[in-house]
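Comments concern the structure below.
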Amino acid sequence: MQNPFLLPRNGSIIKMQVDSGFNATKKYKSANKTNTVAVNFVPRMFLLFSCWFVSLLGVVSLVRTIPDLSLPTSIEAVKKQAIILETYSNGTWEGYIHMVAVFSIIYVWKQTFSIPGAIFLNILAGALYRPLTATILTSMLTAIGASCAYLLSKFIGQPIMDQYLSDKLNLLRKQVDEHRDRLFFYLLFIRMFPLSPWWLLNLAAPLLYIPVRTFFVSLFFGSIPYNLACCQAGDILSELTSTADIWQPVLLLKMIMVSLLSLIPPLYSKKLKEWTELRTKTGHDIIV
């Protein structure tokens, strides 16, 4: 029977010291990683908040340059703002250009910081311009604003996204890597599909190693169906009572069908590539 007052053997002492050292090192690395994330998190969040606050002051100042102008948050507010802006812009060319500039800056600002309510600006654009002109304008502004969100996420939000959205990012990285050869059409499909979370893709795109040019072009074309539906609704603004009047089942079905059509080119190119590789391999085998 071992005497409980005797010290353990040297081997046991060494093992205990190694385990203790390993655990201490593991805890140190974990604590060091947490501290690093905290150090990166605080100044970047402060910088992000500063950018938002300064830009908010600029937007408020711009809104005040047009009498009685405000950001619409309902269909009734859109109707009132449409009358105000039509009256203001029909006076002179300077008023028209001023209105377009203010509208564009506000639109880009909302897209940059993923602020809800862009649908009301789309409807307002449809009421002020022809549906086709309004669709092209809003699609371009959508792409510009989302690209600004892309850059903010790349230079400011990367450690924040990695820390708090790591699971979603890993899932998206896996999906993007599977479609890397047909990335443009894959992004086009996601943008055209009416239930896709655009704000998440805007913020996650730089962390998924999506080139900004591909991101911009796919967003411009991918946002056209959605913006067209909203701008056409703005063309008949007097008949609308709520945003639910826009999203009829038939319209949603059409948007889904259009998004599915965007998959035809990548599927065709994939089949063509497989057929070419099979033919090359078969021809090689015959020659050998």
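Cβ coordinates come from backbone N, Cα and C, glycine included.
Per TrEMBL, the feature transmembrane segment maps to 45-66, 129-152, 183-201, 250-268. As annotated by TrEMBL, domain 'VTT' applies to 115-235.
Below 8 angstroms of C-beta separation, residues 84-85, 88, 98-99, 102, 105-106, 109, 112-113, 152, 156-157, 160 of the same chain, each at least six residues beyond the ends of the transmembrane segment (45-66), sit close to that stretch. Restricting the average to the domain 'VTT' (115-235) gives a pLDDT of 86.
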